[in-house]
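Q: After the C-alpha cells below, expect a handful of questions from me.
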Amino acid sequence: MGSLGNSANSKAVHEAGEDDYDHHKHLSPTHQQLDAGALFVLKSKGSWLHCGYHLTTSIVAPPLLSLPFAFTFLGWAAGIISLVVGALVTFYSYNLLSLVLEHHAQLGRRHLRFRDMANDILGPRWGRYYVGPIQFMVCYGAVIACTLLGGQCMKAIYLLSQPNGSMKLYEFVIIFGLLMLVLAQIPSFHSLRHINLISLFLCLAYSACAAAASIYIGNSSKGPKKDYGLKGDTESRIFGIFNAIAIIATTYGNGIIPEIQATIAPPVKGKMFKGLCVCYTVLIITFFTVAITGYWAFGNHSEGLLLSNFVDDGNPLVPKWFILMTNLFTILQLSAVGVVYLQPTNEVLERTFADPKSKELSARNVIPRVVSRSLSVVIATTVAAMLPFFGDINAVIGAFGFMPLDFILPVVFFNLTFKPSKRSLVFWLNVSIAVVFSALAIIAAIAAVRQIVLDAKTYRLFANV
C-alpha cells in the first residue's frame with residue numbers, strides 16, 4: 001500500500017516536475033535560446049545512473065594513489081580521521097549544491113553551470129571574476145595533471161622493458177596528449193556516459209591491483225622496514241600536515257557538480273542524490289583500501305604515487321606483468337578523467353565559436369569545434385611536458401580552487417538560498433564548515449607555495465623526472 005501511495009506521489013511529483021519544466025520552457029526566454037555551450041556540450045538527456053558514472057570519474061581518479069603519501073605527514077589516526085571527514089563533508093556539500101540547483105530548477109531557472117549559480121545567488125561579479133576563473137583554472141589544471149601523470153605511467157612501463165632506454169618523459173607526455181586529442185572530439189558531456197562506465201570499473205581495477213601489490217610486498221621481506229613515525233623537524237611537520245590536507249581535499253575535489261547535474265534529463269529531483277550514492281560507494285571502497293594498505297606496507301617511505309613503490313632501484317617487487325597491468329588501467333582511466341575535466345573548457349569554446357542556430361554536426365560547428373578543442377589539448381600537453389613538477393603547482397590550485405568550490409561555496413549557496421533559521425543546527429553547521437575550510441584553504445595555499453619555493457632549485461623545463 002505504502003509503495004502504491006509512494007508511486008502515486010512520485011507520479012504526481014514527476015508530472016509536476018514535467019509541468020514545471022514545460023512551464024519554464026515557455027516562460028524563460030534565456031532557456032529557449034540556450035547558448036551553443038549549453039545546447040551542445042551540456043545536453044540534459046542523462047539518467048541518475050549516468051550521473052553516477054560522471055561523478056565517479058571526476059572524483060575517484062588516479063590522485064587517490066597519492067593518499068598513502070598524505071598519510072606519511074599525518075600518521076594513522078589523523079590520516080584516517082581526515083579521510084572520513086573529507087568523505088562526510090564533500091558528500092554533504094555536494095548534496096546541498098544539488099538541492100540548491102533543484103530549487104532553482106523548480107522556480108523555472110535551471111542553472112547548467114557553476115558560474116550561472118554564482119551570478120544568480122551572489123551577483124554577476126562573483127560569477128564572472130571569481131567562480132568562473134577558479135573553476136576554469138581547477139579544471140584545466142586537472143587536464144594538465146592527468147596528461148603529465150599519464151606520461152609518467154607510460155614511462156614507468158617503458159623503463160620496465162628497457163631499463164636503460166633513452167626516451168624522455170616529455171615524449172611520453174606527448175604520446176598521451178595524442179590520445180587525449182582524439183577523445184576531446186567527443187561532442188557532449190552526455191556522450192561520455194559509456195566511457196565513464198568503463199572508467200568506473202578501471203578505478204576499481206587499479207585500486208584492487210594497488211592494494212593487492214601493497215599487501216603482497218608488505219607481507220614479504222622485499223619491502224622497506226615498516227616505520228610509521230613522522231619525519232622532519234617541527235616546522236616541516238606542521239607544513240606537511242597542511243600539505244597532506246591539500247592533497248586529500250584535491251583527491252575528494254570535483255568542481256563541476258552543476259555541469260554534471262546539467263546532463264540529467266528533467267525533472268531532476270532526487271536523481272543527483274542517487275548518483276552521489278553510486279559514486280561514494282566506489283569512493284569508500286577505493287580510497288580507504290588504497291590509503292590503508294599502501295601506508296601499512298610502506299609506512300613513511302610511501303611515494304607521491306603509490307605505483308612508484310612497486311619498483312625499488314629498478315627492481316620490480318611484484319611480477320612485471322602486474323605492474324604493467326596496473327599502470328595500463330591507470331593510463332586508460334586518466335584519459336577518461338582528463339576528458340571529463342575538459343568539458344567546462346569545451347563549453348566555453350563552444351559558446352564562443354559555435355552557432356546555436358546551426359546543427360551540432362554541421363560544418364559551421366564541427367570545424368571550429370575540432371580546431372579549438374585540439375588547440376586546448378595541445379596547450380595542456382605542452383604545459384605538462386614543459387613543467388614535469390606540475391604536481392607542486394596543482395597543490396596550490398587545489399587549495400585556491402577545489403577548497404572554495406567544493407567545501408565553502410555549497411554551504412554559502414545553501415544558506416543564502418534557503419535562509420535557514422539562525423537558531424537551527426544546519427545554519428551553524430554550514431557556517432562552521434565555511435569558516436574552518438576557508439582557514440584551511442589559506443594555510444594549505446601557503447604550505448603549497450612554500451613547497452614550490454623549496455623544490456624550485458630542482459626545476460628544469462622539459463626535465464626527465
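A Cβ is built for glycine as well, from the same backbone N, Cα and C atoms used for every other residue.
Keep in mind that TrEMBL annotations are predicted by a computer and have not been checked by a curator.
Grabbed the feature section from TrEMBL, which reads as follows:
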{"type": "DOMAIN", "residues": "45-449", "note": "domain 'Amino acid transporter transmembrane'"}
{"type": "TRANSMEM", "residues": "73-101", "note": "transmembrane segment"}
{"type": "TRANSMEM", "residues": "134-157", "note": "transmembrane segment"}
{"type": "TRANSMEM", "residues": "169-186", "note": "transmembrane segment"}
{"type": "TRANSMEM", "residues": "198-218", "note": "transmembrane segment"}
{"type": "TRANSMEM", "residues": "238-257", "note": "transmembrane segment"}
{"type": "TRANSMEM", "residues": "277-298", "note": "transmembrane segment"}
{"type": "TRANSMEM", "residues": "318-342", "note": "transmembrane segment"}
{"type": "TRANSMEM", "residues": "370-390", "note": "transmembrane segment"}
{"type": "TRANSMEM", "residues": "396-418", "note": "transmembrane segment"}
{"type": "TRANSMEM", "residues": "425-449", "note": "transmembrane segment"}
Q: Relative to the transmembrane segment (425-449), which of 134-157, 198-218, 238-257, 277-298 accounts for the most Cβ pairs at distances under 8 Å?
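A: Most contacts with the transmembrane segment (425-449): 238-257.
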Q: Given a Cβ distance threshold of under 8 angstroms, which distant residues of the chain, six or more beyond its ends, lie next to the transmembrane segment (277-298)?
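A: Distal contacts: 48-49, 52-53, 55-56, 59-60, 64-65, 67-68, 70-72, 76, 79-80, 83, 87, 91, 200, 203-204, 207-208, 210-211, 214-215, 217-218, 223-224, 226, 228, 251, 306, 309.
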Q: Do we see three or more Cβ pairs under 8 Å linking the transmembrane segment (396-418) and the transmembrane segment (198-218), pairs being at least 6 apart in sequence?
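A: No, since the transmembrane segment (396-418) and the transmembrane segment (198-218) share fewer than 3 Cβ pairs closer than 8 Å, they do not count as touching.
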Q: Cβ pairs under 8 Å only, please: of the recorded stretches 134-157, 169-186, 238-257, 370-390, which one is richest in them relative to the transmembrane segment (73-101)?
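A: Between the candidates 134-157, 169-186, 238-257, 370-390, the best contact partner of the transmembrane segment (73-101) is 238-257.
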Q: Decide whether the stretches the transmembrane segment (169-186) and the transmembrane segment (370-390) have at least 3 CB pairs under 8 angstroms, with pairs required to be 6 or more apart in sequence.
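A: In contact, yes.
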Q: Per the 3+ Cβ pairs under 8 Å rule, pairs at least 6 apart in sequence, do the transmembrane segment (370-390) and the transmembrane segment (134-157) touch?
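A: Touching, yes - the transmembrane segment (370-390) and the transmembrane segment (134-157) meet the threshold of 3 or more Cβ pairs under 8 Å.
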Q: In the same chain, who gets a Cβ under 8 Å from the transmembrane segment (134-157) while lying at least 6 residues past its ends?
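A: Sequence-remote neighbours of the transmembrane segment (134-157) are 61-63, 114-115, 167, 169-170, 172-177, 179-180, 253, 255-256, 305, 307-308, 311, 323-324, 327-328, 330-331, 334-335, 337-338, 341-345, 348, 376-377, 380-381, 383-385, 387-388, 390-391, 393-394, 397-398, 400-402, 404-405.
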